[in-house]
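**Q** These came from Swiss-Prot, pasted as-is:
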BINDING   T26, D93, V180  K(+) 1 binding site
BINDING   G150, A151, W152, K176, P177, S178, E179, G229, V230, E231, T232, G253, C285, E386  NAD(+) binding site
ACT_SITE  K162  active site, charge relay system
BINDING   L245, K456, G459  K(+) 2 binding site
SITE      E247  site 'Seems to be a necessary countercharge to the potassium cations'
ACT_SITE  E251  active site, proton acceptor
ACT_SITE  C285  active site, nucleophile
MOD_RES   C285  cysteine sulfenic acid (-SOH)
ACT_SITE  E463  active site, charge relay system
Amino acid sequence: MSVFGLQRLYIGGGYVDATSGKTFDTFDPATGELLAQVQQASAADVDRAVASAQEGQREWAAMTAMQRSRILRRAVDLLRERNDELAALETRDTGKPIGETLAVDIVTGADVIEYYAGLATAIEGLQVPLRAESFVYTRREPLGVCAGIGAWNYPIQIACWKTAPALAAGNAMVFKPSEVTPLTALKLAEIYTEAGVPAGVFNVVQGDGSVGALLTGHPDIAKVSFTGGVETGKKVMSLAGASSLKEVTMELGGKSPLIVFDDADLDRAADIAVTANFFSSGQVCTNGTRVFVHRSIKDAFTQRVLERVKRIRVGKPTDADTNFGPLVSAAQLDKVLGFIESGKAEGAKLLAGGTRLTDGHFGSGQYVAPTVFGDCRDDMKIVREEIFGPVMSILDFESEDEVIARANDTHYGLAAGVVTENLSRAHRTIHRLEAGICWINTWGESPAEMPVGGYKQSGVGRENGITTLEHYTRIKSVQVELGRYNPVF
C-alpha cells in the first residue's frame, strides 16, 4: 500500500487516466517506503495533452496581459499559502531536509512566477519610422504550446521556473516531471487551475525518457525547455531540430570551479565551499565541486572545511534539525559511491566521509557521508566528471593565470566563483572564466531577476531574468505604407 495512492495525469484542467495501462513507483529516499504508483502517459495521452494545450492557449493568449498577470499573481498567493504542505510533499519525494524545502523550493518558485506576472504587461513591440509616409512596427506574439521537461533535484521549483515566462507570454505548457520525483508538479497544476488559468494551459504528463521524447518530437510543440544531463540534452536538441526545428532552452550539467585566492577570508571561503558542495546533499547542478585553493593557504583552508563538515547534521529529512538528507534514489547512491571509489583508486586523499551510512535508520535510506578529497589532480575522474553528489575535490594552484586556465579546461561552463578581498582580481578573474553563472565572495543564490544558464555544453539559452521572457515570444514585423504604392511592373 502506497502513502499517496495512484497518481494520474493532469490534462484539460483536471485529472485523467492514462491509456497506457502502465504505472511506475516512486519511493521515499530516506526510508525506502513506497510513496505512490504513477500512471505513465502513452503517445495518445501526449497527443491529448498537446491538443488540450492548443485549445487552452488560444483562450489564454486572447486575454489581456493584465488579466494573465492577475491570474498568475493568484497562483503565487496560493503557492505561498500552501508552502508548508508542498514542502512536506517535496521532502518525502526528494529526501531534502524539511528546513530546506520550507525555505527554498516553493519560495523561489513562487518568486519567479511573481516576477514574470509583473513583466507580462511589459511585453511590447517597436515602431520604426522609415520615411514620412511609411513605418515598421513589431509585435511580440506567443509561440503557442511549449514543452517543459524537469529534473529530479528541484521538481516544483523547476516547474515554476519553466511555466512562469511561458505563461506570462501567453503560451501553454505540457510539462513532464522526472519520473524519480513526480508528485509536486501535479500540485502546481491544481494551483494554476484554482487561480483561474484556463483548462489545458498547464498539463502534466508522467513517465520516463520515452515520454520526454514524445514531447520533444511532437510536431505541434513550438519550444522545449529541458533541465537534465548533457547527454540527454544533446538528444533533446537533436530530436527537437529534426522534428520541426523547435526552439530549445537547456540547463544541463556542470563541474564548476570555486577559486580561493591567498588573500581570501578563510572562514568565509570555507563556509562558501561547504555550501557549494553539500547543500541539498550535493545534488545541485551549479555546485562548486572543483575547489582550487592557493597553495600557501591550502592547509589552513582544508582544516576549516573539515571542521564545518563535522558540524553537518545528517538525519531524517522530516526532522527540523537535519540539514543533510539522503540522495534521491538507489541508482544515484550507486553512482556517487562509484565516483568515490574512483577517487580512492586514482590516488586522491580521502579527508572525510567516503562511505555509505547504514547505521540505524540510515540503513533503509540512500545516505552517503559528506565526502572531501584532497591532493586531487585535474586528470582524475572525480575532478573531470559531474558527480551530482556530496563530493568535494580540493586542488591547489600557484598563479592567477594558471588557475584560470585549469578552471576553463572542461567541456562544462555552468557556474564559477572566486573568493578574494581584491576587487580588481575578482572581476578580472570572473571576466576570464568560461561560465554562465558567476559569484564573487558568495555562492548559489539564483534570484528571479538573474539569468541562469551555461556556456559550452552546460546549456543553451537562459532561465529567469528579462531575457528569458523574450525567448517565449516570436517577433512579427509589419510595414505600413501610408503613401502611394510604386509598382514595379
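The backbone N, Cα and C atoms fix where each Cβ goes, and this holds for glycine too.
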**Q** Just checking the recorded positions D93, V230, E251, C285: which sit within 10 A of G459 (K(+) 2 binding site), CA to CA?
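**A** Those near G459 (K(+) 2 binding site) - Cα within 10 Å - are V230, E251, in sequence order.
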**Q** Within 10 Å of W152 (NAD(+) binding site) (Cα to Cα), which of the recorded positions T26, D93, V180, E251 do you find?
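**A** Close recorded positions: D93, V180.
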**Q** Do me a favour and check the Cα-Cα span between P177 (NAD(+) binding site) and K162 (active site, charge relay system); whole Å is fine.
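**A** So the Cα of K162 (active site, charge relay system) lies 11 Å away from that of P177 (NAD(+) binding site).
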**Q** State the count of C-beta atoms found within 10 angstroms of the C-beta of K456 (K(+) 2 binding site), not counting that atom itself.
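**A** Around the Cβ of K456 (K(+) 2 binding site), 17 other Cβ atoms lie within 10 Å.
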**Q** Other Cβ atoms within 10 Å is the metric here; tell me which of the binding-site residues V180, V230, L245, C285 scores highest.
**A** C285
**Q** Taking the residues the record says bind NAD(+) (G150, A151, W152, K176, P177, S178, E179, G229, V230, E231, T232, G253, C285, E386), how far apart in Å are the two Cα atoms that sit farthest from each other?
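**A** 24 Å is the greatest Cα spacing among the residues binding NAD(+).
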**Q** Mind giving me a neighbour count for E463 (active site, charge relay system)? Other Cβ atoms within 10 Å of its Cβ, every protein chain shown.
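**A** E463 (active site, charge relay system) is surrounded by 25 other Cβ atoms within 10 Å.
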**Q** What is the separation, in Å, between the Cα atoms of C285 (NAD(+) binding site) and E251 (active site, proton acceptor)?
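**A** Here the two Cα atoms are 9 Å apart.
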**Q** Looking at the binding-site residues D93, V180, K456, which has the shortest Cα distance to G150 (NAD(+) binding site)?
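**A** When the Cα distances are compared, V180 comes out closest.
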**Q** Hey, how far is V180 (K(+) 1 binding site) from T232 (NAD(+) binding site), Cα to Cα, in Å?
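**A** If we compare the Cα positions of V180 (K(+) 1 binding site) and T232 (NAD(+) binding site), the gap is 16 Å.
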